[in-house]
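Enquirer: First the structure, then my questions, so here it is.
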Amino acid sequence: MEIESAHSSRPMAKVAAEEMESEIERLLPGRHSDVGGIEQEMPRRFALSHDFAEVGGKSHFRVEARDGEMENWSRLVHCLYWSHFLSRWGDRMWEFAVGLFMIQVWPNSLLLVAIYGLVETASVATLGVLVGNLVDKCPRLRMVQFSLGIQNGSVVAAGLAVVMLLLHPWATPGGFSVFVMLVVIVNVFGAISALAGMAMDVVVERDWVVLIAEKQAPGSLTKINSVMRRIDLSCKLLAPIVVGFMMSSVSVLASPVLIAVWNIISVGIEYWLLHHVYVSMPALQQKSTAHQAYQASSQFAESNAEEVELSVFERDNMSQMEGHEEVSLLKNTGQQTTSRQSTFLNKLKKLPVIEGWVTYMHQEAVLAGLALAVLYFTVLSFGSLMSAFLSWRGIPPYVLGLARGVAAMMGILATFIFPIVHARLQTVRTGNWSIWIQWSLLSVCVVSVWIHNSKVASLLLISGVAASRLGLWLFDLSVTQLMQESVPVAERGVVGGVQRSLQSLMDMLTYAVGMVIVRPQDFGITICMSYGAVLTSALLYSMHVYRVRGHLFHFDRLLRPRWIHNT
């Protein structure tokens, strides 16, 4: 009776735990019978079961801890969102305003605008790989400090140079040399700002975002990517309106000063937000160790390869010396020449630019990245070329502004649709459907080339371009996530740099075509070329889909009625 009363006074959970221990001991003799021994010897699921039995009905403490972790993670993500907003708002204000400033400086020519755009694009195209390589080599927080300081400082310097240009017209005696110097300053600092901004994009969007979304609920990365792109597109829509209001209501001269002040204030807030995210996420602080291990393994593999090549070379020389010495001398001379050539090629391959392109071409998602880059070779967007063409056709500026707004809204809509579509189709298939949808909608633009009524043709062109933004941004989000998920941590910077370089190169080719085909009457040729570029992009991505999945569509499901699948 005493034993029974003792057992009955114990908690039922404790009794169940002891029975589990005895059953484990019976099934697996030789194990320790104490709780610590069981947790050390048995798989983790038994330890967790025992732990759950110990706490009994108090498992809600774990739920509360998990809720606390999710709340903390949500705060970190919102810090990232606010930092991205501050950065993008400043970028979009300067991007829109600098063209207007150049027009004010030289009212009768677009030369300064074209030069600025060419210098900025060319700098990213040529130096993007080096910047990406630098991102991989530098610790994350140091790269953020460096990029933020350089980017915002460059915008401030360029803004002050613009103020000087507006205050001192170049037509004054002796003012031309000062004018040229100030224009050079604006272009140089604008290019530096673009490169630093590219570095920030690679650091945050290609690296930090992936690590922050790790070990979270499925779809976290998709949601973060969508919100980040939504912020970007919203700033692209609203920032020009604010800049236009500043220039109209305040003054043109005050606008660059206000933009410079914005960058001075925002840089501190941006860094504080990103620093808070960095210190709260241990995963962000582990890159240097992982990268050192990556470098050490690469060096170890290279040293082993060199030792093997050296031993083989020495063995061959020994065998040749034992035979015919004269023939051996000739062979050694040839081998030395080949060795020098091989050494030169190896050194060439190790150049940061060449090594970056080689690394990019070996990525699993290389075809998807190339497909995205090809889309930048286009006049089918509300950029300067198509806007100038529509203006030549007599389309009022307010209509162009409305069309640009509708296109931006379609892009924002894509950021809401992407998580829903991604949950059903996953990343690869979402990209495949979106690029072909974009190509199909742009067919309307090609039809407009053969419409003789200019108003109807312009309406078709505007409608096709605006509607195609839905497919474009869905595809952009798909490829971005593909590269985030497939590129190794140690290569994210250089791969992101090459991707941006490719996109800038295609953008430059667009302007080059615009310089060759200068007559507005021939703009239909550039429309067809752009349409062909989108088709090329779709085919490249379809090749990626086939390589990854082994097929493009489930033809058996397409051919059979739905009721057959349900039987």
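Positions of Cβ are set from backbone N, Cα and C atoms, glycine also.
Dumping what TrEMBL says about this protein:
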- 110-134: transmembrane segment (TRANSMEM)
- 146-170: transmembrane segment (TRANSMEM)
- 176-196: transmembrane segment (TRANSMEM)
- 237-265: transmembrane segment (TRANSMEM)
- 365-390: transmembrane segment (TRANSMEM)
- 402-421: transmembrane segment (TRANSMEM)
- 433-451: transmembrane segment (TRANSMEM)
- 523-541: transmembrane segment (TRANSMEM)
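Looking at the shown structure, what environment does each listed feature sit in?
Expert: Here the transmembrane segment (110-134) has Cβ contacts under 8 Å with residues 98-99, 102-103, 143, 183, 186-188, 190-192, 194-195, 198-199, 202, 352-353, 355-357, 384, 493-498, 500-501, 504-505, 507-508, 511 of the same chain, all six or more residues outside its ends.
Long-range contacts of the transmembrane segment (237-265) within the same chain: residues 89-90, 92-94, 96-97, 100-101, 104, 152, 155-156, 159-160, 162-163, 166-167, 405, 408-409, 412, each at least 6 residues beyond the stretch ends and with a Cβ under 8 Å from a Cβ of the stretch.
Residues 113, 117, 400, 403-404, 407, 431, 435, 442, 445, 458, 461-462, 464-465, 468, 472, 475-476, 478-479, 482-483, 486-487, 495, 499, 502-507, 509-511, 513-514, 520, 523, 526-527, 529-531, 533-534, 536-538, 540-541, 543-544, 547 of the same chain lie 6 or more positions beyond the ends of the transmembrane segment (365-390) yet place their CB under 8 Å from a CB of it.
Within the same chain, residues 371, 380, 421, 425, 457-458, 460-461, 463-465, 467-468, 470-472, 474-475, 478, 524, 527-528, 530-531, 534-535, 537-538, 541 sit at least 6 positions outside the transmembrane segment (433-451) and bring their C-beta atoms closer than 8 Å to a C-beta of that stretch.
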Enquirer: When you scan the chain for residues with a C-beta under 8 Å from the transmembrane segment (402-421), skipping those not six or more beyond its ends, what do you find?
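Expert: Contacts with the transmembrane segment (402-421): 219, 222-223, 225-227, 229-230, 233-234, 236-237, 381-382, 430, 433, 462, 465-467, 469-474, 477-478.
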